[in-house]
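Single-structure report; data block below.
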Amino acid sequence: MKTKTRTAALRTLSLGLGVALLATACSSGGTGEAEETSGDTGDSTTITWWHNSNTAPGKDYYEKVAADFSEANPGVQIEVSAMQHDDMVTKLDAAFQSGDAPDIYMERGGGEMQAHVEAGLTKDLSDVAADTISTLGSSVAGWQIDGQTYGLPFSMGVVGFWYNKALFEQAGVTEAPATWDEFYTVIDKLKAAGIEPISVGVGEKWPAAHYWYYFVLRECSQKVLQDGVSTLDFSDPCFAKAGENLEKLVAAEPFNAGFLSTPAQKGPTSASALLATGKVAMELAGHWEPGVMQGLTEDKQGLGEDTGWFPFPAVTGGKGDPAAVLGGGDAWAVSEGAPDVAVDFVKYLLSDEVQQGFAEQDMGLPTNPAAVEFVKDPALAALLEVRDSSPFVQLYFDTAFGTSVGGAMNDAIALVFASSGSAQDIVDATQSAADAEK
Amino acid sequence: MADDTTAPRGATVSPATSTTQAPVVGRATARPTARVAGGRRGPGPAWRKRAEIVFFVAPALLLFLFFVVWPIVKAVQFSLYRWKGFGPLVDFVGLRNYVSVLQNDVFTDALQHNLTIVVFSILIQLPLGLAIALLLNRRLWGQGVLRTIIFVPYVLAEVIAGVVWFQLLQPQYGVIDAVLGVVGLEGPPQGWLGTPDKAMIAVIAVLTWKYLGLAVILFLAGLQGVPEELYEASQLDGASWWQTQRRITIPLLGPTVRTWAFLSMIGSLQLFDMVWILTKGGPANATTTMVTFLVTEGTKRQNFGIASAASVILFVVALTFALLYQRFVMRRDTHDPAPRKKAHR
């Protein structure tokens, strides 16, 4: 009786299992095979392009660029998807996981790109786009692995302090600080005038992390830095020293109330909005800040005339070049399985003509030297000068090291802001996450 | 007895039904089948019953296998590899991901936070919900409006509620601090969500606000099931309102309360959305939960192996809780409650 019952139950169960397995086998087979959505079909080719310029004028401009290319290359269709940045990043991750990546996509370089290259997802452009690479010069360095180039940067920006000129004046600060001693004087003056000196969005961690990155850039020599990025060895004392600088800054309490939960750019209480609406005097941020502030004010002007910018001050005794800048950029990369014409299109995107239009629309800081003079916005033009005169641009460390190490590092830095972590903790957390990668 | 872990309810049922000589197939379906067979239609051929069972269970079983069992199997598989989320699964690391999750202070803290939330949810919402339900169960002016007000937060989308509370709890510009200011109190200078040792209090407060409505509605529904006769009898015996509640209402509400506590417990263990919106697990990891940990590891850092290991651990923790609770607390509701059954159902 008992055994009979059990057999029956088992039979029922195995039948169900069989059907289920069949169903899953079918579905997983389906996704596995769908490696390439596009390819040569006779004389008509469609290439897919994902970008993040999803508002005018950038969106319209890119549509025109795609149409122009199709016209010059009969039979080539370009399927453009303009997405909001975060959505694009999320969708890209999913697309890579399912093996269904777009032919042309945005690559930020560093460890992120390295992971894609190691997984065989990204095309080597070294030979097929050699001309463009030589035009772009040193700015492609961030998209090279072992001398091979996997992405063509179209916009490169730098990070520095954006400040409110009117509030500085109100506090009696006449000159932007060039050293950290001067910076602390500025903080004191602003506080004395009843103005919150700095806003920072530790809620999202990366804005806070930029402080540590920059202190590292000022404390460490270029050689130590570049070795560190490639060997993932953080034993040089300059890394810990950077953290001590940060501890000192946090102890001076220059940040907006509630900075530990403040978002970076979203909503009226975000760090960028506090600067844009005159509630704080400055914020450490990249070239995107004027655009972000414009979106956060009702008149769409941001700080307008009061927008000021100065580089991250020098650290006394630091071994880093005070003119070195932290920054990063966006590059176009081509999927391994994309048709050849996708490479042609990417080269076209980096051409003098398209980059000039890109500069004219203030869509970013162009990388093609022929386009530099076309940037209209004075703040962006000034940044371009800083970028181009700087001895070297250090890619944001979290991008450079990849998401895994970068995430652990940013977490540890945020803990220092919360006064529950030490300078050494940042180094240790980064090192152990890096060791787990090796 | 080993079967107890998979289906504690059926375990004691099946021997009982098997003595009636009725063919028993799946244990879970044993009782209803036996009852129908013995009742209206008389015992039919065994193969037919089996075919029926297969026919009716198959769609649900398929969905269950595909959407529940399969992902669990995949998660276990991923947890044994070092994997970035794309490319082939090649880097087999055995149980190393589990070791690194269990040795990670952030995760063990997260586990503690989950347990704290479980305990406080029950400690705060149970008495509060019970008190409100008892009050609302009396004839009361504006009863409907009050019920609605208490239930609205539960209906509101979690994300919207989270965003609203995030703004309310902001320091300086937030409404909560302004209200506190009126009565001469002061919020923490970093704000409720920005101060590591206050953030959890804020999260629990918002969760209480959000989920109290569910407790109240469930308790009210349970109260409807308390038979009128008992109240009449107690009135005849001259019991006070308080005595009636204590001796009749609350004991008979037991099964409802135990079911609610179970839901609340499992919900607290799997808590994600509200915490993610309010604090993202910060500041300084003060409000991380197991799920925010695994989401951060998986989608933000692309350590899918680690995230999968964490999700398997979460699964085991939740399953253990559920089974222990079934075994020791819910048992009295599901096992042989015959004498009481007629009274309150």
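Every residue number used here counts from 1 along the chain in the order it is shown.
Cβ atoms here come from the backbone N, Cα and C positions, even for glycine.
Unlike curated records, TrEMBL annotations are generated automatically.
What TrEMBL annotates here:
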type	residues	note
COMPBIAS	B:24-37	compositional bias 'Low complexity'
DOMAIN	B:111-325	domain 'ABC transmembrane type-1'
REGION	B:1-45	region 'Disordered'
TRANSMEM	B:53-73	transmembrane segment
TRANSMEM	B:115-136	transmembrane segment
TRANSMEM	B:148-168	transmembrane segment
TRANSMEM	B:199-221	transmembrane segment
TRANSMEM	B:260-279	transmembrane segment
TRANSMEM	B:304-325	transmembrane segment
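When Cβ distances are compared across the two stretches, the transmembrane segment (B:260-279) makes no contact with the transmembrane segment (B:53-73), since fewer than 3 pairs at least 6 residues apart fall below 8 angstroms. Packing against the transmembrane segment (B:199-221) from elsewhere in the chain are residues 113, 116-117, 120-121, 124-126, 128-130, 132-133, 136-137, 147, 150-156, 158, 161-162, 165, 169, 192-193, 253, 256-257, 259-260, 263-264, 267, 271, 274-275, 278-279, 282-283, 286-287: each is 6 or more residues past its ends and has a CB under 8 Å from a CB in it.
Here the transmembrane segment (B:148-168) has Cβ contacts under 8 Å with residues 132, 136, 174-176, 193, 206, 209-214, 216-217, 273-274, 276-278 of the same chain, all six or more residues outside its ends.
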